[in-house]
Amino acid sequence: MGFDGHPWILCQPEAAACSLWTGLGGPSVRSSKLHLSPKADVKSLISYVVTKTKVINGKYHRFLGRHFPRFYILYTTFMKGLQMLWADAKKARRIKTNMWKHNIKFHQLSYREMEHLRQFRRDVTKCLFLGIISIPPFANYLVFLLMYLFPRQLLIKHFWTAKQQIDFLDIYHALRKQSHPEILCYLEKIIPLISDAGLRWHVTELCTKLQRGTHPAIHDILALRECFSNHPLSMNQLHALQLKALSRAMLLTPYLPSFLLRHRLKAHTTVIHQLDKALAKLGIGQLTAQEVRSACYLRGLNSTHIAEERCRTWLGEWLQISCSLKEAELSLLLHNVFLLSTNYIGTRR
């Protein structure tokens, strides 16, 4: 017999203990099995908060879209821009980490990795400027106003609307084309300074074709290699006014001393030459339509209004010239931004 008259208590001590604990007011075994663990409670709470947040966020977006459509476009563009910039930063960090681990130089990267790092550096430089002018107290409110009023000058392309991307690229290219007459005028002026009669004839013919609106052939440009690797058109022989005009053609600021302009143009042209070698190795056919347009725009062609096939054809011509040049002939590649793009069929005047 058990303590309370039940003979089975001694045979089943676990059951007796549970019965005794329940009699004293403790929870039953069945109810303890149904009770969730603290970790499960936290997960359930987080899931509930996330679900509610998504619902509230959706209602907020619909409210903005109905009552403030213009602000809603700016808001969504800004949020997507932040996400893209953050994704770019993480990708750039992975590339830099891989370079450090395996002792890889910039020119040894794949084309897409090189292009990503090049563009990210330019974007970060622009963002750093905004960060610096936001440091003073309450200056961030002024910065937001300036970003709204001057998005082209202060914001990177991630924060441009689709229409702004087309409009702003047109504006930048119009500024770039303003330098073309200056570059051509300078080429005409240096013709008497060329000692070799054959080179003088080639430069004269090229200038005549450009003035008539003719797109030069690849052999017309490559025939000038010697002229651009020595006096008077090598990188170290260019005058200050020509450096300023070429800087505008490359969408670089011309408001720097001559030695800084020359250094920047050398560095910028070297990077493009390295990109060209990596792109030739990859193959133009492997690029998406957007990648082709971006590559053409970087090299001087306003690709926003040209058919994709024409862009690929033009990029192929550029690569044939670029991959034929040596480091000492990069001045020709720099001038090629003007020579190969100014009269290309389909470009906007």
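Numbers here mean position along the shown chain, with the first residue as 1.
Cβ coordinates are placed from backbone N, Cα and C, and glycine is handled just like the others.
Pulled from TrEMBL:
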type     : residues : note
DOMAIN   : 175-349  : domain 'Letm1 RBD'
TRANSMEM : 71-89    : transmembrane segment
TRANSMEM : 127-150  : transmembrane segment
Non-local residues, at least 6 beyond the ends, that sit with Cβ under 8 Å of the transmembrane segment (127-150):
74, 85, 156, 159
Whole-number mean of pLDDT values that fall within the domain 'Letm1 RBD' (175-349):
93
